[in-house]
Amino acid sequence: MSSISSGNDLLRLNDVEAGLSKDDDDLDNHLDPDADPSDPFDIAQTKNAPPETLRRWRQAALVLNASRRFRYTLDLKKEEENEQRKRMIRTHAQVIRAALLFKLAGENQVVSDGPVASPVDGGDYAIGLEQLASMTRDHKLSVLEQYGGVKGLSGLLRTNLEKGINEDEADLSNRRNAFGSNTYPRKKGRSFWMFLWEAWQDLTLIILIIAAAVSLGLGIKTEGLKEGWYDGGSIFFAVFLVILVTATSDYRQSLQFQNLNEEKRNIQLEVIRGGRTVRVSIYDLVVGDVVPLKIGDQVPADGVLITGHSLAIDESSMTGESKIVHKNQKEPFLMSGCKVADGFGTLLVTGVGINTEWGLLMASISEDTGEETPLQVRLNGVATFIGIVGISVAVSVLAVLLARYFTGNSENPDGTTQFIKGRTSFDDAFNDVVKIFTIAVTIVVVAVPEGLPLAVTLTLAYSMRKMMADKALVRRLSACETMGSATTICSDKTGTLTLNEMTVVEAIVGKKMISPPADSSQLHPSVVSLLSEGVAQNSTGNVFVPKDGGNVEISGSPTEKAILSWAMKLGMEFDVIRSESTILHVFPFNSEKKRGGVAVRQSDSEVHIHWKGAAEIVLAACSGYLDSNGCLQSMNEDKEFFEAAIDKMAASSLRCVALAYRLCDQEKVPSDEESCNDWVLPEDNLVLLAIVGIKDPCRSGVKDAVKICMDAGVKVRMVTGDNIQTAKAIALECGILSSAQDVTEPTIIEGRVFRALPEKEREQIAKKITVMGRSSPNDKLLLVQALRKGGDVVAVTGDGTNDAPALHEADIGLSMGIQGTEVAKESSDIIILDDNFASVVKVVRWGRSVYANIQKFIQFQLTVNVAALVINVVAAISSGDVPLNSVQLLWVNLIMDTLGALALATEPPTDNLMHRSPVGRREPLITNIMWRNLLIQALYQVTVLLVLNFSGLTILGLEDDGDREHAYKVKNSLIFNAFVMCQIFNEFNARKPEEINCFKGVTKNYLFMGIVGFTLILQIIIIEFLGKFASTVRLDWQLWLVSIGIGIISWPLAIVGKLIPVPKTPVSAFFKKPFRRCRRHRDA
């Protein structure tokens, strides 16, 4: 029987409505012994996380602008709405299915409700769109029979069932006009105005706008329009600038995500046009196309089955029913969006785009409901903690300033008391209170790092765009980040470590080595005839011979192409053989059994069973062999010869494939189609025809890529279905195994040995495994589970349908873009577009870069936070005034938030990242190194600026200035300018938290240089030309030099700081232990 077990695995995987299994929960708990259940932000893995967990951290987060903060997280409400819509459309599909089953039950007395309408002219075609859509949607078998079955329907659609439609642009255009294109309407992306609308919904910004409006009104009332509008107008302008820059940054991100989503949807598939197999975009598919389907494919459009062998379809994505549906001539209708669980066949497309249920479903649901990453959740926790501290500080400052003001302890710059009871007018007092309140609110704006969690999205959007250029398409945001923590990569061999360009380089027929392997003169014609028949009929590939005598085109998997090419050189006439014999039944190649078979009836009614598969497995089923002269010989005495030949080929890193056949008695051949579908092909007493050795050379650069991984603390494991000797040879060639002497079990192990071990022993052995040969997809799944239970963060590559459970189970599933099936791609997190292992290593680099960039940004932002808060708090408590006013703080907020994130979160990865160990899942976001750098810079800034605040007039020689108000403005302008200069220079330090040279590669990062230049130019404009708005005065060149000097000192200070050693134990651990001990004691 065909491999339905794989389909069942697939069903378990896709049964979303069932939710997570208990096993998944147990595994996650096992993986997180350090997890703190009381901490809503302690989520190590957001992949497959339950909605309750996601809802919990959202409720715990301190958020000022929910629409912006949660823009790229999973929209739980929208996800629920989508599920309801899906269920509604599924219900509709189930009604159709129920009606069809009812009809089939009474098949002998099926009476149509009325006469079937004769085909209505559809333009150039003898059938209309509505009739086609109705027949396919309602699965009307009687209507199809009325049209003359699939053959009659193809005539109405002017399609050749064997050669497909012509590749004529006019014909394709006609078909699109008559039956529609394979696209469906999608919601337009949000406009820039929507981002502006969301950006200003920040609670603090709204309060500032209200305060600015009050200040504006009072200012105009007391000082007149000419002078009175500056205070309120400047806050308006600053808030508008923050909103504009924020919205522009967010809009650019959204465009990047839109482009990436479009790439994900653009599936490439094979169709038969003009007799040749060509690859086209799913959007270019038209009604009348002939589409070959194989295991793992997504059905790209609605259609009718032309021919199929053991074709099993997983319709759960459309019907919601967790079962496999077998397709044959009695049930020939296929629905778009379903998956091929087993077998193969060809489809005649009858409905595309919005005229299919899948199109309706896609058009009706909102596709992108977002997704959060573990880092995003943790940063929300950090932002919440800092926000609470910031709000507490702001409230304290507000209380102190109000108390000082109303008790007469606050003075104007000229020395006069601001508030005198009974003398100060209500308007003046109210205006002063509004200014105090505005300062407190602005402290909240600076203190609550709203941009911190969004910096993850920014760096991920940047990384995803750059990863596309490095041949990696990210399907799941969190994978991009998790890849930085990967400790092991379980890689396939074929196509990932090797080129996937296969050629037959050795062939053994009988006991004779054929050299060159395609020299048919060394073989008896009867042997060549049987080999040609076996290769042509037992293949999912195709051969196209142009009539004009051009080059022969061979399509199929690389192994199929290599064997077909070899047989063509032997003299195989592909089309002739296929037309002269009839396929009775097919056993599709099965990755569990490692072989595939076909039953063929020849023109003389003789039935041959042909088998092809892993050499040692097929050889074990053989009782004889044909020698090169075509004589049948017994296998008993010569089995050891063939086994030795296979080992020799495998040791030369060749893939060994055996071809065998046997005759089948007529009475054992099922007579009807239904019995034929259930027929188990005999697989004993086979006659060996040939053993071929297929060369698939290692990719250039793969050895270097493996070494980079090893140096980075990431262990590379090879998991392959190939012979253990072939796997060993390739592993040595790639550098996965260091030397042949080290190769002993369990370093190199067979899948069957591993799966036979008890679970506990598997977990211990898994750590030691480097190469697993003759593995099944289930062995790969068991290995992934064992490694994860052992604490590894596992990345897995896979291309087949049966790899889906392992890809789903792994921390990061990497599917192959060229050879990968649609099922594998949908189960994966990242698609490697060129199937190259070197691209996997680049993904690791980018993953580490994401984490490193976020840490750079955190260090920079917290330095600004701490310095700004401390300066304003100390000044407010001691003097009743703050040196940094609302407009200045909003500008600082812009520098550290949006512009800082753009500059630091978009740093490209460096080679240094691959000389570190993987980032631990529970590693603190703020490391001891970051604390050291942060505190040194913040302490320096606070000290210098407070000295300037309290002694600035004396230091600058302004004590004797006749205009005391001007002297204060000069001092405060210098403090503001010096503070901004400190941030600009410290931005360079933040680029390299651990390296002495913070300028390395800076000139290549044009965005960073542009943002620093933009910040500097704007600062000059603010000081020199916007004094009225920012409450500053122009500074002379000496004070500019002083400002730059104060800022530039941060560079040598950072170098000295980096020489100070830090303890290995994270600072956070010292604080967490007492809390946890206290909590355990309380719980007990």
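Glycine too: its Cβ is placed from the backbone N, Cα and C atoms.
A TrEMBL annotation is a machine prediction, not a hand-curated record.
The region 'Disordered' annotation in TrEMBL covers 20-50.
Here TrEMBL flags 149-220 as domain 'Cation-transporting P-type ATPase N-terminal'. Counting residues per DSSP class in helix, strand and coil order gives 45 helix, 3 strand, 24 coil for the domain 'Cation-transporting P-type ATPase N-terminal' (149-220).
Per TrEMBL, transmembrane segment is recorded for 195-220 (among others).
Taken from TrEMBL, the feature transmembrane segment covers 232-251 (among others).
Sequence annotations record features per position, and here TrEMBL assigns transmembrane segment to 382-406 (among others).
Residues or ranges marked as transmembrane segment by TrEMBL: 436-462 (among others).
Per TrEMBL, transmembrane segment is recorded for 857-877 (among others). Distant neighbours of the transmembrane segment (857-877): 379, 382, 386, 390, 393, 396-397, 400-401, 439, 443, 446-447, 449, 451-452, 455, 459, 883-884, 889, 892, 895-897, 900-901, 904-905, 925-926, 930, 933-935, 937-938, 941-942, 945-946, 949, 975, 979, 982-983, 986-987, 990, 993; these residues of the same chain sit at least 6 beyond its ends, with a Cβ under 8 Å from one of its Cβ atoms.
Proximity of distant same-chain residues to the transmembrane segment (938-958), defined by a Cβ-Cβ separation under 8 Å and at least 6 residues beyond the stretch ends, is recorded for 862-863, 866-867, 870-871, 874-875, 878-879, 883, 967-968, 970-971, 974-975, 978-979, 982, 1039, 1046, 1049-1050, 1053. If you look up TrEMBL, you'll see 938-958 (among others) marked as transmembrane segment.
Taken from TrEMBL, the feature transmembrane segment covers 1006-1027 (among others).
As annotated by TrEMBL, transmembrane segment applies to 1039-1060 (among others).
Long-range Cβ contacts of the transmembrane segment (1006-1027) within its own chain (Cβ-Cβ under 8 Å, at least 6 residues beyond either end) map to 891, 895, 899, 902-904, 906-907, 973, 976-977, 980-981, 984, 987-988, 991, 1033-1035. For the transmembrane segment (232-251), the list of distant contacts is 68, 71, 192, 195-196, 198-200, 205, 208-209, 211-219, 438, 454, 458, 886-887, 890-891, 893-894, 897-899, 901-902, 1028-1031: same-chain residues at least six beyond its ends, Cβ to Cβ under 8 Å. Note on the domain 'Cation-transporting P-type ATPase N-terminal' (149-220): mean pLDDT across this stretch is 82.
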